[in-house]
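Asks: The structure under discussion is supplied below as structure tokens; questions concerning it will follow.
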Amino acid sequence: MVETADHHHQPPPTQMAPPLGASRGPVFPPAEQLQQLHYCIHSNPSWLQTVILAFQHYIVMLGTTVMIATLLVPRMGGNHGDKARVIQALLFMSGVNTLLQTLIGTRLPTVMGPSFAYVIPVLSIINDLSDDNFTSEHQRFLHTMRAIQGSLIVSSIVNIVIGYSRVWGNFTRLFSPVVIVPVVCVVGLGLFGRGFPQLGNCVEIGLPMLIILVISQQYLKRIHPIAHSILERFALLFCIGFVWAFAAILTVAGAYNNVREQTKQSCRTDRSFLLSSAPWIKISYPFQWGAPIFRASHVFGMMGAALVSSAESTGTFFAAARLAGATPPPAHVLSRSIGLQGVGQLLDGIFGAAVGTTASVENVGLLGLTHVGSRRVVQISTAFMIFFSIFGKFGAFFASIPLPIFAAIYCVLYGLVAAIGVSFIQFANNNSMRNIYILGLSLFLGISIPQYFVMNTDAAGHGPVKTGGGWFNDILNTLFSSPPAVAMIVGTLLDNTLEAKHTVDDRGIPWWVPFQNRKGDSRNEEFYSFPLRIHELIPTRFL
């Protein structure tokens, strides 16, 4: 045998193995815009479809409006007529604030509806006035509403200042896709208490609504091309009408004559008493409950709620932008939208709404359900809100829909918003253990901490924070009862302190930064510019 003389012969180079799974299926690249939307933010369906879709948005936002009025008005000492008038005021202000936001706010197709974030400070006001002596329960109701009015008016300065001073916009520049994912996710998941737990109050109505909605909207639409477009966009209305009629039949047949009172309230179609007590015509006007009452101890809790509503709206705006085919809202757009939300809260206080407004999560979910992200549809829906707020009997007819029907709808719509939050992770490195850690902790604490605060809040609105300062308690109890607020705090803190400078690419910052600047992406002006020449009338610092 002859020994080779070349002892330094290099072995042949080894071929790189293909990525795991590369030969098993396609790899989907990140997509900045969803490709399955039929109509995006500035494209519009036919006028007939626009009107029907707008009415659908009105029906969806009505559920939260009725829930809040049903929860608060009886505790104030109000009767069924008072509840009907509070619902009318909430509807009127929702219509006004939605129109303002879609015209000179974010310009996104978001409905501005009453916010549960204000429930804790309102309950605190109700409890604070419970020991006062009044000549009647109606007088106690009026006095409480006047105190709420004063608190809303003063606390609105928080959102006005942080918005128009650009503080909020500068804060959102600290965000990255790693922060947006948990914030948008818990905007939907954090509302789980309004889903199946509310549905379970009347399973025989709520569960059929959920099942029929899923089958008709997702399965039956595939039977025929014509059925596809009709059921995809309007199945929600068909299902509501069908199950509502079923509930009416059960009510008339006496199915709920011998059940406990809570079941009657949830299942019967005649237990809201709104149709009999609502006025035929009533126009909301400034200080309709009387002159506002200003008390410092009430204002601080409302300030906490104003901050919470800003966090909730911000997460909802990001979800709406994605479901409407728009780019993520830039910092200056978020600033002016939160400032305008403060102006809306000021109007809420002046016109006597029981709570402030925030971006409606369920209506953003409806954008994804119908695949229609048209701005015009939401703008037309404000006509229904204002119309039914004035003609009370007609509005009360739809407000008498049993709440478990709305809860079944929310199971679908809140889930869609949560899922759209997950989609933002495609713009960051989802294989980074750092990112996974931040996502996991923000998501878990964003749900767990508010759940602790909610479970330890009594009927009077007193939460687990119990110091000597009632105003301080109200601020912290309100702030940490909000899943988006907690997720935003935890996610932003971790993402900007945990190897932030060395993981710029992993965080998705190169993709994110252009959307945060006015001129960073050419599409920003297309989606978020003011209509006509309004921008010429507004100072540049407010744009």
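Just so you know, glycine gets a Cβ as well, placed from its N, Cα and C.
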Asks: Which residue range, 1-25, 501-525, is the one TrEMBL calls region 'Disordered'?
Replies: 1-25
Asks: Given pairs 6 or more apart, does the transmembrane segment (405-424) have at least three Cβ pairs under 8 Å with the transmembrane segment (111-129)?
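Replies: Contact between the transmembrane segment (111-129) and the transmembrane segment (405-424): absent, because fewer than 3 Cβ pairs are under 8 Å.
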Asks: So which residues does the transmembrane segment (150-168) touch in its own chain, when a touch means Cβ under 8 Å and the partner is 6 or more beyond its ends?
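Replies: Residues 121, 125, 292-295, 298-299, 301-303, 305-307, 309-310, 314, 331-332, 334-343, 345-346, 348-350, 353, 355-356, 541-542 contact the transmembrane segment (150-168) from elsewhere in the chain.
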